[in-house]
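J.: Mind having a look at this structure? Questions to follow.
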Amino acid sequence: MYRRFMLLLLNLAMFVALTFGYENFIVPLYGYEGYVFQPDITNGYAAVIAIIILSIIIPATFKKPSTLFFQLTMVFILIPMMVLFYAEGKSWEYPAQVVTAFVFSVGLLRFIKIDRPRSFFLSMDALQRLLLFMVLIYLGSIFAMGGAAYLNFDLSKVYDFRTDAADNLPGIFGYISPPMGKVVVPIGLVLSLLYRKYVFASLYVIFGFLIFGLTANKAPLFNPFLVLFIYLISSSKSLTIKFNLGILLVILLSIGDFWLAFNLENSDGLFGWLGTLMLARMFFLPPEINYMYHEFFSSHDWVLFSDSKITLGLLRYPYPLDAPHMIGRYYFNSDLTGANTGWIGSGYMHAGFAGMLLYAAMTAVIFKYVDSCARKAGDRGVELVTAATVIPIFSLITSSDLPTTFLTHGLWANMILIACFRNRSPNDYAELVRMRSGVKPSSTVQKGALLNPREHNTYLKRS
């Protein structure tokens, strides 16, 4: 009950803080992008009621990865969307559809049963070596093709190098690079920490820096630190409380940063960047783009998956540009602007409310599969699988169509790799040795506990 109450309190506190930041800083600074403050008090009451209901429905105690995934959706999509619903006096139709789809996903997760497939045996040691080999081959290939000429670690110049760096590589690297930064490096980092191979962990952090420098993509630079943060805090059943406290602190710091930028003269750009990065771009841009998708596709043809190979080219795509760039043209007057959205906006893009429900069901299936892998990965399985999957799942929630998340962002590879996190490795094999030797299973090592390689070897010798 305590965790439920704290979760509710923090969700409401974020709503209040985001509303304050929106009125006092987002509208004055970014009003030219369409942000307005025209509050509707009825919408405000409805938004608060919706947040209360959702806070009661979603899990409050962290026992499986999906608990964090649903809270990510609350924090970065639903609560900011409720702020816009109130502050801009928007119609209730789309927020009601979004809330319904989210509740449907949460409810479906509790009823469906999905087990991970039986994977080929791959010890954790072998998996670590495989991941390390993949990253080294990937980086070596880029250097061999002259990628060092575009090496850049200056965040302010990434867009100056990105196109040239991409053009220097074969097109297939457009599908290889994202999984390397979002799947292979994060999983390698988590395994290294779990098995206390701190030299390898440091290498994976360096690999993230190198992938950033060679591809001019910022995500690999920050991904290792995000994964490390999630791994360190996910051992607590109060993860959602700690996560919400951290997010609320970020919101308050962003508001303070904007206040300093507004009130201090001659700051020379020292303040305001955190507020822009977090409050404007991280919290309000994704839900605003969701509203754009609803507004555009409620009055234009639905895509009906005609932009995907799953329809085998049988359906004609109705637009001259892909959906993100159509939104960019329509709302930002630029064909070069790609307004990406997550499963909520892209589901509506394909088939309206029915598309949202379809994507909600598919999201529940993915979350259930991840939960199953975590449950069978040993004592540290929840922490391991949560940290290993949080990056592609976050993309699915905020910025990628579901097929794009699978193919381009490497969720398919992620789902294969987490199936290799097995509680039988190494312990079940040690127990097998004991049984064949006529020795009773040891009571000192719990079944399913993940041992590091040194403990594993000692355990086998004693067997």
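Note that Cβ sites are derived from N, Cα and C of the backbone, with glycine treated the same way.
Automatic, uncurated: that is what TrEMBL annotation is.
Worth saying up front: this structure is predicted, and the values here are computed from it rather than measured.
Quick paste of what TrEMBL says about this protein:
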- 45-62: transmembrane segment (TRANSMEM)
- 69-86: transmembrane segment (TRANSMEM)
- 92-109: transmembrane segment (TRANSMEM)
- 130-152: transmembrane segment (TRANSMEM)
- 172-191: transmembrane segment (TRANSMEM)
- 221-236: transmembrane segment (TRANSMEM)
- 243-262: transmembrane segment (TRANSMEM)
- 348-370: transmembrane segment (TRANSMEM)
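Mind mapping these onto the model and telling me what they sit next to?
T.: Counting only same-chain residues 6+ beyond the ends of the transmembrane segment (45-62), those with a CB under 8 A from a CB of the stretch are 3-4, 6-8, 11-12, 15, 68, 70-71, 74, 78-79, 82-83, 85-86, 92, 95, 99, 102-103, 106-107, 234, 236-240, 382.
Beyond the transmembrane segment (130-152), the same-chain residues lying 6 or more positions past its ends with a Cβ under 8 Å from any Cβ of the stretch are 122, 158, 160-161, 164-165, 168-170, 173, 176-177, 180, 184-185, 187-188, 191, 200, 203-204, 207, 210-211, 213-216.
Tertiary proximity for the transmembrane segment (348-370) is limited to same-chain residues at least six positions away from its ends with a CB under 8 Å from its CB atoms, namely 65-66, 69-70, 94, 97-98, 100-102, 104-106, 108-109, 112-114, 116, 290, 293-294, 297-298, 302-305, 323, 341, 385, 389, 393, 396, 401-402, 411, 415, 418.
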J.: So, do the transmembrane segment (243-262) and the transmembrane segment (92-109) meet, by the test of 3 or more Cβ pairs under 8 Å (sequence gap 6 or more)?
T.: no
J.: Short question: most Cβ pairs under 8 Å with the transmembrane segment (221-236), which of 69-86, 92-109, 172-191?
T.: 172-191
J.: When you scan the chain for residues with a C-beta under 8 Å from the transmembrane segment (172-191), skipping those not six or more beyond its ends, what do you find?
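T.: Apart from its flanks, the transmembrane segment (172-191) reaches 124, 127-128, 131-132, 134-135, 138, 142, 166, 197, 200-201, 204-205, 207-208, 211-212, 215, 217, 219-220, 223-224, 227-228, 231, 384, 387-388, 391-392, 395, 407-411, 413-414, 417-418.
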